[in-house]
């Protein structure tokens, strides 16, 4: 506990010193992080091979490129993101400076996940750096090699005081959660997510929870089922099924269930060969505990594809189970492994009802060729994100917010969304001590005329002073027209000259 407190205190002192605020410093740190990813790609890939037997070719595709893209975007857009954002004004503030100023929150705690230990830890860190925060980084202890490597590398590239790394297990994480941070960013399971939120509530600390859940995949009978199954097979079994947005189960009509099984079987043969255990592209379960949990989910079922396992290697073959009952244990918890249940539904309406009867998922996948049907399914369901005719690809678009809803999480990140999530949007209004006559209508003693003027000013539409309304206001002032006439001109122009004569009567009665 002493070490965690000391690191937090160092990070706070470094933040209070102000050195993380200048954009030049933030850019320098982002460039350094970018250099780390480029220079240490081999070491990172080796660590992931040791952690989850991931192919050296998959690590850049699944993690490193996304980190690099986030850094590049932050570097390119940082000045724009951090700049004051002018907003529309009302009549009372027409001559004032009114804007939103993003500012750092302080010290952020980032708790990473083991399935993608680099992307799910460093992408939030990119946003924390860009927003001018300090950050205590806690990688998952389950991906041990990656955790130790991150602990060794990060201080060599980033400011040691502002961005310390804490290694260790549950005990260390609990000790961190007892401390007061300005924001907690957690990626992981919903059970631990509740504990994180409970700990944060003691300090009124805001949280971003990137959780998971059972992401449904609906395959329509009239679409290209072969292509759909090819894409689903990749998304489900990449990283050995240990992906929070992997399709958790398939919904389809009974008439195409046999086709779905056969197309997935063919695709698995193409992807991983006759024995996936020998394929360099197929990974392993993270540890014995997760291996046992996944194997227990299969009890009582006869797989139609796969089903083989080897506990000595924590290997479970890509497995498909059909005709799975909706209320079975397999359908009650997130699988997070290479088991793919197929649940049959009578039609799309039945599929929509099935999805809506359950917790809101992190992702929804729809394979369909009918645009009206696609629109209907999107409109009548809820999920953190949705991808149509593919899986997981919405995660790769930095302009899209990534996050859950309900039990699948709260908050969002990627690109500018991470910057905004880890910034305080400060409301700022700056006015002069001159032109005190503007304020007379709001001061006591009140009378009918003053009350009318105040009501009209407050009810006026918001005005975008960056457009022609500002020009006309300046012209009217220069010409010596009275204050309220100036306000009237602005009103008329802002309303497109469609105002009625009640404005005139209101000002001069």
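Here the Cβ of each residue, glycine as well, is placed from N, Cα and C on the backbone.
Ranges compared are 444-469, 470-495, and TrEMBL records transmembrane segment for 470-495.
Neighbour density for residue 210 (active site): within 10 A of its CB lie 25 other CB atoms from the protein chains shown. For residue 244 (active site), applying a Cβ distance below 8 Å and a minimum sequence separation of six or more within one chain yields 113, 115, 187, 210, 211, 212, 336, 362.
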